[in-house]
Amino acid sequence: MALPPPVTRTIALKCLRRHIHRHGGMRVVVPKITRLFSSSDCAQASKDRDAESSRYSDRQSSPLREFNASPSFQYTRSPNPSWKLGQSHTLQHENQKEWKSDEMQGWKTWQMDETPSRDIYRLLTSAVVPRPIAFVSTLSANGVPNLAPFSYFSMVAHNPPLISVSFSLSPKRPKDTRENILATKEFTVSIINEAFVEAANATSVEAPADIDEWQLSGLTMAKSTDVNPPWVRESAVGLECELFHTYDICPPSSDEITHTLVLGLIKRAHVRSSVMKDDGTVDPLKLRAVSRLGGNTYARIGEGFEVPRPSWKVMRHEIEAQDH
Ligand SMILES: Cc1cc2nc3c(=O)[nH]c(=O)nc-3n(C[C@H](O)[C@H](O)[C@H](O)COP(=O)(O)O)c2cc1C
C-alpha cells in the first residue's frame, strides 16, 4: 500500500481544517440508521462528555506534581514473602492491617440486571483495572486511515497468537474501527506508551468517519508487511492482525447489538530492539506502557515483584512436612 507522504503537523492540521470547512455537517452511518448530525447535536454531545468527565475525576482540584519522566519501574520484594501454605491473612505491614480493617465496613452489591448500563460501565471500568490499551489502526473500504484507542483489550491465546478488542456500540454513531475491520478484515494494534499518551488520547475524539485521526495525533505511520493498515512508528510494539472471528453481543432477552468482540490473529509482531531483554521477553522498564483505569485516568507501571510459580512436587513435600 502506498502510504501518504510525510506531512508536517501544521500542514496536516491545515488540510483537516479545509476538509471540515468544505464538508460542514457530519454524516454518520449507523447500521440501519443514517442521519446528519447538526453542530448543536455535537455541542450537546461534547457538554455531556465534559459533565461525565468531571463527574468521574478522582483527583478533585488539588494541584498536581509534574510528571516524573525518569524511568519508573523497579523490582521490590513481594508484599509477604514469608507467607506459608494455608496461612491465614497475615498483618505484616500497616497497609495490610488497613486492608483487613476496611473489610469491617461491609459490602455493596449490585444486581446487574437492575442496574443502568451507564452505572455498570462506571463500576466495572474502574474495578477491572489496570487494562492494557490497544491503539488500533484500520483503513476504511475507501482507504481512509483511522486510529483509535481501546481498552476492552486483551491477549487471548498464543497458539495461535490471538488478541481481543471489544467495541461498545451506540445507536448515535458507529465505531469506525469496527466498521473498517468488518469491511477489510485487517487491522494493526500498537501499544501505547508514556511518550505519546496525549496524542493517543486525542484520537479517541468522536470525529466523522472521513477524518483521519493520524493527522490530529502527529504520529507517524510505519508500513506493515502482511496487512494494509500501518502501525504506529512511535510505539515500541506493533502487531499486524487479520480478522479471526467476530461475535456480536446482545443483552439477555434483547436483539439489540450493544458490543462487538473482535478476535485478531497476529500475523507479524514488530518490537523495538531497545526494549528486548536477552531472554526474549520485553523489558517493562523500557516499554513504559500505560494502562487505563476508571474515567479519564491512565496509569504507568511503577513497581514489580516476582512470586515464583508453585510446583506441585515442592508443594506436596511442604504439605507432608507440615503434617509431621
Ligand atoms: C483510553 C481509551 C480507551 C477506550 N476504550 C474503548 C473500548 O475498549 N471500546 C470502545 O468501544 N471504545 C473505547 N474508547 C472510546 C473510543 O476510542 C472512541 O469511541 C473513538 O472515537 C472510537 O473511534 P472510531 O470511531 O474511529 O473507531 C476508549 C477511549 C479511550 C481514550
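The first residue you see is number 1, and the count goes up from there.
Each Cβ is built from the backbone N, Cα and C atoms, and glycine gets one as well.
Just so you know, TrEMBL annotations are computer predictions that nobody has curated.
Copied over from TrEMBL, here are the features:
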{"type": "REGION", "residues": "41-98", "note": "region 'Disordered'"}
{"type": "COMPBIAS", "residues": "46-58", "note": "compositional bias 'Basic and acidic residues'"}
{"type": "COMPBIAS", "residues": "59-90", "note": "compositional bias 'Polar residues'"}
{"type": "DOMAIN", "residues": "126-278", "note": "domain 'Flavin reductase like'"}
Arithmetic mean of per-residue pLDDT over the domain 'Flavin reductase like' (126-278): 96
Close approaches to the compositional bias 'Polar residues' (59-90) from elsewhere in its chain (Cβ under 8 angstroms; 6 or more beyond its ends): 96, 100, 194, 284-286, 288, 300-307, 315, 318-319, 322
Three-state composition of the compositional bias 'Polar residues' (59-90), taking helix and strand from DSSP: 0 helix, 2 strand, 30 coil
